[in-house]
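The structure appears right after this line, and notes come after that.
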Amino acid sequence: MAQRIFTLILLLCSTSVFAGLFDAPGRSQFVPADQAFAFDFQQNQHDLNLTWQIKDGYYLYRKQIRITPEHAKIADVQLPQGVWHEDEFYGKSEIYRDRLTLPVTINQASAGATLTVTYQGCADAGFCYPPETKTVPLSEVVANNEASQPVSVPQQEQPTAQLPFSALWALLIGIGIAFTPCVLPMYPLISGIVLGGKQRLSTARALLLTFIYVQGMALTYTALGLVVAAAGLQFQAALQHPYVLIGLAIVFTLLAMSMFGLFTLQLPSSLQTRLTLMSNRQQGGSPGGVFIMGAIAGLICSPCTTAPLSAILLYIAQSGNMWLGGGTLYLYALGMGLPLMLITVFGNRLLPKSGPWMEQVKTAFGFVILALPVFLLERVIGDIWGLRLWSALGVAFFGWAFITSLQAKRGWMRVVQIILLAAALVSVRPLQDWAFGETHTAQTQTHLNFTQIKTVDELNQALVEAKGKPVMLDLYADWCVACKEFEKYTFSDPQVQKALADTVLLQANVTANDAQDVALLKHLNVLGLPTILFFDGQGQEHPQARVTGFMDAETFSAHLRDRQP
């Protein structure tokens, strides 16, 4: 008896194992979106928590989460920082795994108010779901002063500003600005004014007065940084809008052009004259007078300092961080003041000779400012085009530096020239791949010629017009990475094209995910993309031939031979 039971158990186990061996390779092993991303919510007066329980092997896109109130007012929602995910077609994206809890503060909600929540995710196996939309009913909430505060994300999840350089770079920029033609020649004169024309001061006294002057200048810059950062904090959400980012990028580009000498950017001459007169009334050689002179000097912007200062101020406004804003401008002023302190203590013998090299320093800072619009535009146009902009900037800078270095006659400059030329050649690679690589691929690959359909009626009409031929329907969307992999790697393969030579090819682009797209996906019982369906000559689908998820050319060719009706 025991032997029979044991034999029966083995038979049942072997049946399930062998059944798995004969499962169709294209059959869906993916769960519905509601199971992949289990959504829930809980409201307690002004506090609303949105929760996603994300199944293992699946993830949500951070940038695809949208929250829209109806008959309600909510505080600005700050999405927690996710983890980075990278693919060939969309580059780096922030995603959420496992679990996501999003607190929302409801300032006011009328009777019948709702919250529309839209989100989208994919599976690691190469399967993406259309955008999901959930409607959250809200309990009536009366506005009060406490609820008007912005929602706070737990501290460990607070997103930090992603900065292209740290505040310490401001110190180096300040030192570099000191060697521009508008600043460096003025240092001996400023040194004499600070010391009050006294030539027999002790080194310690001279250093103290110069340090006080620099601190006065730094105070002005720090105050500017705090004010701009505070203003940026109030308008942080607006400053992240694509149109605002594009506008700021244009402003940064214009500031860079002023460093290239296309036009002069400075305070009005009348205002500069008034500030200069105020500074001249102060008594040089005294700590109080020197401090006021430094504070006023911070407001007098020369053509060489206006553009970099404006660029840093606009950049600080983007961060919205007051500590960063004040610290960055303080270090910038300190960097400008260090050469002045050295000249005051050690004399003009440390001062390099004036010459064309100062104009080259000014031009170099123009390229530094140009890095900021690239950083901003990268958020709008994506990482792929952002890399191309960085490539173009690198080619321009290293190319300019190489041409400039050709004027030098010293032997060791040959090594520098080789390094600059090599850097330019390395920088041009992304542009070369874009200009020649993709074009070459497009010329050598012949893609399938699909007939586009949009609605269920158009699909039915196309099946009738097939006149007995087998039909393949490809469901495609721009947000589907695996769909693009099908186009690039599978549909371009000659063996696949040969196998589909006698097949009517249809394609439905459901990128918009509008009502017609949703109706088509529902009619076909499709969970997500990529999904490829096969119909026989009578317009009946062969469910066993359906493909979900990516297949390479070899696997897809074998699937066509085995499954296509």
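Positions of Cβ are set from backbone N, Cα and C atoms, glycine also.
Taken straight from Swiss-Prot:
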DISULFID  CYS122-CYS128  disulfide bond
DISULFID  CYS182-CYS304  disulfide bond
DISULFID  CYS480-CYS483  disulfide bond
DOMAIN    434-565  domain 'Thioredoxin'
SIGNAL    1-19  signal peptide
TRANSMEM  163-183  transmembrane segment
TRANSMEM  208-228  transmembrane segment
TRANSMEM  243-263  transmembrane segment
TRANSMEM  289-309  transmembrane segment
TRANSMEM  323-343  transmembrane segment
TRANSMEM  357-377  transmembrane segment
TRANSMEM  384-404  transmembrane segment
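Features per Swiss-Prot, on structure.
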residue	record	DSSP (3 states)
CYS122	disulfide bond	strand
CYS128	disulfide bond	strand
CYS480	disulfide bond	coil
Segment proximity, the transmembrane segment (208-228) to the transmembrane segment (323-343), 3 or more C-beta pairs under 8 Å: yes
Considering the transmembrane segment (243-263), which listed stretch of 208-228, 357-377, 384-404 counts the most C-beta pairs under 8 Å: 357-377
Neighbourhood of CYS483 (disulfide bond), C-beta criterion under 8 angstroms, separation at least six: CYS128, LEU475, TYR476, ALA477, LEU529, PRO530
Intrachain residues whose Cβ lies under 8 Å of the transmembrane segment (384-404), provided they are six or more past its termini: 90-91, 360, 363-364, 367, 370-371, 374, 377-378, 417, 420-421, 423-424, 426-431, 434
Distance from CYS122 (disulfide bond) back to CYS480 (disulfide bond), taken between C-alpha atoms, in Å: 9
Fewest-neighbour residue among disulfide-bonded residues, criterion Cβ within 10 Å, set CYS122, CYS128, CYS480: CYS128
Secondary structure tally of the domain 'Thioredoxin' (434-565) (DSSP, helix then strand then coil): 60 helix, 24 strand, 48 coil
